[in-house]
Amino acid sequence: MGELSGCTGGSRAGGPGPRLPLLLLLLLWPARASDAAPPPHVVFVLADDLGWNDLGFHGSVIRTPHLDALAAGGVVLDNYYVQPLCTPSRSQLLTGRYQIHMGLQHYLIMTCQPNCVPLDEKLLPQLLKDAGYATHMVGKWHLGMYRKECLPTRRGFDTYFGYLLGSEDYYTHEACAPIECLNGTRCALDLRDGEEPAKEYTDIYSTNIFTKRATTLIANHPPEKPLFLYLAFQSVHDPLQVPEEYMEPYDFIQDKHRRIYAGMVSLLDEAVGNVTKALKSRGLWNNTVLIFSTDNGGQTRSGGNNWPLRGRKGTLWEGGIRGAGFVASPLLKQKGVKSRELMHITDWLPTLVNLAGGSTHGTKPLDGFDVWETISEGSPSPRVELLLNIDPDFFDGLPCPGKNTTPEKNDSFPLEHSAFNTSIHAGIRYKNWKLLTGYPGCGYWFPPPSQSNISEVPSVDSPTKTLWLFDINRDPEERHDVSREHPHIVQNLLSRLQYYHEHSVPSYFPPLDPRCDPKGTGVWSPWM
């Protein structure tokens with residue numbers, strides 16, 4: 001038989017010659033969408049007021065076996081930052097943007113304030129919904145509710161079950177807040193299923209209610225559709241309440257607040273274990289990314305602890321903003337490791353949207369970075385800097401023990417620091433450096449009540465001091481201010497603070513509106 005027309009090299013019909021290019025073509029042909037790996041399910045568990053020293057994998061005496069096991073098989077985030085209070089952390093989680101860019105840099109959203117995360121911000125659930133996800137939220141909102149347009153079901157969540165305000169009773173599900181015209185406080189129900197009051201859960205502990213709703217959502221979820229579940233537990237925010245049996249293992253803790261708190265953490269740990277079990281039972285776990293994070297540091301006045309870190313909830317010290325967290329997933333390329341790469345709560349939005357195959361188109365400029373390769377593969381973090389906050393109107397709602405007020409603000413500042421007014425409450429991280437200005441909040445160290453007779457170790461800083469520089473890698477406990485040894489670092493970071501300050505929007509902190517009064521309905525609800 002003669003050679004095939006157009007062939008070279010002596011290849012004959014039926015021989016290997018023509019098949020090799022065909023094989024290469026098939027190998028190089030783009031995979032069909034149906035052949036690609038399906039987008040992962042995402043479960044984001046946010047604990048409330050959980051301290052650095054309140055988890056077993058950080059060396060706490062509190063027993064957290066389920067969280068410890070997930071952390072041990074995943075990636076522990078050891079250089080991860082959140083905000084000092086709940087609204088700031090939650091808003092930055094869902095927008096991927098610093099609070100100075102939304103007018104939320106001052107304190108938090110109060111119950112009767114006509115305020116919420118700006119409605120022109122596109123939130124994480126909206127972006128994931130655009131990517132084909134089912135989006136569900138269970139638990140604490142605290143991002144404003146004065147208008148129905150501010151509610152979770154109007155901001156991208158298919159379903160919502162939880163409470164809208166900052167804290168409430170774990171059993172009655174009532175929240176109390178001041179009503180200015182009454183010169184007193186009003187208490188009312190704050191629990192909703194969708195947008196309707198949920199009145200049938202009295203005397204049922206909130207962590208159990210939220211866990212039941214989360215596991216039901218998982219059990220009923222079609223595995224072929226990607227799931228986003230945002231589970232924002234009430235635990236372990238005050239009031240200090242927990243079923244008695246969860247306190248019994250902690251009889252050795254003499255401090256009553258710490259003992260109740262420990263029981264609350266144990267119940268939270270059990271809840272996360274039940275959620276994980278539900279994911280496995282439904283066959284979702286092998287394609288799930290589970291993220292666990294606190295929203296801010298522990299509140300030492302309510303049993304929490306951040307030892308050996310300095311400070312507590314409400315402060316820019318490490319005890320207020322160093323986030324306890326981890327990522328657990330069979331999809332991780334590295335497991336059982338601790339990441340020292342710099343990360344921030346704003347990073348979750350771009351990370352999860354990109355992981356979902358979605359797009360951040362339509363958002364305002366993001367401050368977060370996609371850190372999935374950092375978490376999953378151990379790559380260097382794309383983040384080298386993060387803004388902690390800038391709040392010219394800061395007041396200390398949680399003063400140091402024995403102190404009743406915020407130290408008086410000194411508006412004069414040395415000329416050598418003229419790049420930024422150092423009397424302003426602000427903070428910034430750059431690589432290993434951390435700069436604080438103004439009054440960062442109570443700078444005491446608080447040893448664990450169960451391990452020491454000393455309730456706090458006061459700072460020796462002058463009350464008029466308004467500038468600190470720390471090498472956090474060498475000094476995570478913030479005991480050695482090195483600002484005098486590194487004036488050029490100070491100047492550079494002050495210049496960065498000034499840049500952020502100039503590009504911030506004015507803080508929006510409207511006065512309380514007495515029309516919020518729930519007297520007529522007995523339920524906290526939108527009023528405008």
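Including glycine, each Cβ sits where the backbone N, Cα and C put it.
Bear in mind that the values here come from a model prediction, so they are computed numbers and not experimental data.
For Cys86, the entry in Swiss-Prot reads active site, nucleophile, with the evidence type similarity to another entry. Using a 10 Å radius centred on the Cβ of Cys86 (active site, nucleophile) and all shown protein chains, the other Cβ atoms total 25.
For Lys140, His237, Lys313, the entry in Swiss-Prot reads substrate binding site. Taken residue by residue with DSSP, Lys140 (substrate binding site) is part of a strand. For Lys140 (substrate binding site), the number of other Cβ atoms no farther than 10 Å from its own Cβ, over all displayed protein chains, is 27.
The annotation N-linked glycosylation site is assigned in Swiss-Prot to Asn183 (among others). Around Asn183 (N-linked glycosylation site), there are no C-beta neighbours below 8 angstroms that are at least 6 residues distant in the chain.
Sequence annotations record features per position, and here Swiss-Prot assigns N-linked glycosylation site to Asn274 (among others) based on sequence analysis. Under DSSP, Asn274 (N-linked glycosylation site) is assigned to a helix (H, G or I) in the three-state scheme. Within the same chain, the residues at least 6 positions away from Asn274 (N-linked glycosylation site) whose Cβ sits under 8 Å from its Cβ are Thr211, Thr215, listed in sequence order.
The N-linked glycosylation site feature in Swiss-Prot is assigned to Asn286 (among others). Residue density at Asn286 (N-linked glycosylation site): 12 other Cβ atoms are found within 10 A of its Cβ, drawing on all protein chains shown.
Annotation comment: Swiss-Prot describes Asn410 (among others) as N-linked glycosylation site, evidence class sequence analysis.
DSSP assigns Asn421 (N-linked glycosylation site) to coil in the three-state reduction, outside any helix or strand. A sphere of 10 angstroms centred on the C-beta of Asn421 (N-linked glycosylation site) encloses 19 other C-beta atoms. Look at Swiss-Prot and you will find Asn421 (among others) tagged as N-linked glycosylation site.
Residues or ranges marked as N-linked glycosylation site in Swiss-Prot (evidence: sequence analysis): Asn453 (among others).
Sequence annotations record features per position, and here Swiss-Prot assigns 3-oxoalanine (Cys) to Cys86 based on similarity to another entry.
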Check your understanding: By a simple count, how many Cβ atoms lie within 10 Å of the Cβ of His237 (substrate binding site), its own Cβ left out?
Key -> 23
Check your understanding: Around the substrate site recorded as Lys140, His237, Lys313, what other same-chain residues have a C-beta within 8 angstroms of the site's C-beta center?
Key -> Asp48, Asp49, Cys86, Gly166, Ser167, Gln234, Val236, Asp238, Asp295, Asn296, Gln299
Practice item. Using C-alpha positions only, work out which of the recorded positions Cys86, Lys140, Lys313 is nearest to Asn286 (N-linked glycosylation site). Key: Lys140
Exercise for review: Just jot down the residues in the same chain as Lys313 (substrate binding site), at least 6 apart in sequence, with C-beta under 8 A of its C-beta; none if empty.
Suggested key: Asp49, Pro84, Leu85, Asn296, Gly297, Gly298, Gln299, Thr300, Gly304, Gly320, Leu398
